[in-house]
């Protein structure tokens, strides 16, 4: 295993020093694949294009992120930015590598969440686009473009994570494989407009299930805060260690998203617009308004205390699907005052 990790450091060093002109590209790619962006950007963008597809992306995102958290607790996995120092590798072998603000994530490293969660959540989008393209062209070369773009993007995400010292190559590979498999398995099984109790129980299961596993492992003598301690110890700058990269930050986001989706689908606002077909201009207006509300939510910041942050994060992501699914479309439809035919199944 030591040789595998050493090879990962050498690969990161090569990416940083042999291809310096690509630094901004890698930073941009890893930003695009940030799991938080699946919730805040990809979800509304896809939802306003296709309600069914948007809900699929959202559901798969928070289920896969929860599974990624559980996998990391059991698989552990060092991250390169701390392993290179903690193992003594940097003292024995001169190495020219440096960290970035997005390097210092606090959770265990295996498997890569960026690769796993993004790969799974974008799977139904890729399949839908592939089906649309296949229905409009007979060219086999054109038909493979969506799948090729999907694979190319995930490959770039994996390389960016190695470049940033956030993951070793084998962790990236594990994340890619898990993401594709979960996307394939979960896409046909996304629940659509179930009763509110179903979503409430889902949120409760995510929260209590992860908490039970955490305390069970803690009782058995496993210190699951080990990765937080190492990240804080070896990160070049303390301000790069962000609270929203902690494992329980993703748990509060996932459980809040599950509950929020259920509430959104059972609000009076959604009941009024669920069979309304929005025009392209209205969809664009919905997305712009949703992004404006997101900017406001981000402007609010978060409490400095860890426990209060988790509560705030839960409430924030409970509110977010209510805004995207119910309130924003209702506001746009009401203000535009346009009659629309019943929505087609999408």
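Cβ atoms are placed via backbone N, Cα and C, with glycine included.
Residues or ranges marked as topological domain 'Lumenal' in Swiss-Prot (evidence: sequence analysis): 1-25 (among others). With helix defined as DSSP H, G or I and strand as E or B, the topological domain 'Lumenal' (1-25) counts 23 helix, 0 strand, 2 coil.
Feature annotation from Swiss-Prot assigns transmembrane segment to 26-46 (among others); the stated evidence is sequence analysis.
Away from its own ends, the topological domain 'Cytoplasmic' (47-56) comes close to residues 124-125, 128, 187, 190, 192, 261, 278, 283-284, 286-287, 290, 324-325, 329, 343, 345-346 of its chain (Cβ-Cβ under 8 Å, at least six residues beyond either end). According to Swiss-Prot, the topological domain 'Cytoplasmic' annotation covers 47-56 (among others), on the basis of sequence analysis.
Per Swiss-Prot, the feature transmembrane segment maps to 57-77 (among others).
Under the heading topological domain 'Lumenal', Swiss-Prot lists 78-115 (among others). Counting only same-chain residues 6+ beyond the ends of the topological domain 'Lumenal' (78-115), those with a CB under 8 A from a CB of the stretch are 2, 5-6, 8-9, 12-13, 16-17, 27, 30-31, 33-35, 65, 68-69, 71-72, 154, 157-158, 160-162, 164-168, 170-172, 174-176, 178-179, 227-228, 230-237, 240-242, 245-247, 250.
Annotation comment: Swiss-Prot describes 79, 161 as substrate binding site, evidence class sequence analysis. Around the Cβ of residue 161 (substrate binding site), the number of neighbouring Cβ atoms within 10 Å comes to 31.
As annotated by Swiss-Prot, active site, proton donor applies to 114. In sequence order, 30, 33, 34, 35, 157, 160, 161, 166, 167, 175 constitute the residues six or more apart from residue 114 (active site, proton donor) in its chain with CB-CB distances below 8 Å.
Under the heading transmembrane segment, Swiss-Prot lists 116-135 (among others).
Sequence annotations record features per position, and here Swiss-Prot assigns topological domain 'Cytoplasmic' to 136-140 (among others) based on sequence analysis.
Under the heading transmembrane segment, Swiss-Prot lists 141-162 (among others), citing sequence analysis as support. Sequence-distant contacts of the transmembrane segment (141-162) (same chain, six or more residues past either end, CB-CB distance under 8 Å): 8, 11-12, 15, 26-27, 29-30, 32-33, 80, 112, 114-115, 118-119, 122-123, 126, 129-130, 133-134, 168-169, 171-173, 175-176, 179.
Annotation comment: Swiss-Prot describes 163-167 (among others) as topological domain 'Lumenal'. Under 8 Å from some Cβ of the topological domain 'Lumenal' (163-167) lie the Cβ atoms of residues 12, 15-16, 23, 26-27, 30, 79-81, 84, 97, 99-100, 102-103, 105, 109-110, 112, 114, 175, all in the same chain and six or more residues away from its ends.
Residue 167 (active site, nucleophile) has a Cβ environment of 31 other Cβ atoms inside 10 Å. Residues annotated as active site, nucleophile in Swiss-Prot: 167.
Residues annotated as transmembrane segment in Swiss-Prot: 168-186 (among others).
Residues annotated as topological domain 'Cytoplasmic' in Swiss-Prot, with sequence analysis given as evidence: 187-197 (among others). Taken together, the residues of the topological domain 'Cytoplasmic' (187-197) have an average pLDDT of 94.
Summarising the annotation, Swiss-Prot assigns transmembrane segment to 198-218 (among others).
The annotation topological domain 'Lumenal' is assigned in Swiss-Prot to 219-254 (among others).
Within the same chain, residues at least six positions away from residue 79 (substrate binding site) with a Cβ under 8 Å of its Cβ are 105, 108, 109, 165, 166, 167, 168, 227, 230, 231. By the Cβ criterion (distance under 8 Å, sequence gap of 6 or more), the transmembrane segment (198-218) is not counted as touching the transmembrane segment (26-46), fewer than 3 such pairs being found. The recorded stretches the transmembrane segment (26-46) and the transmembrane segment (308-328) share 3+ CB pairs below 8 A when only pairs 6 or more apart in sequence are counted, and are therefore in contact.
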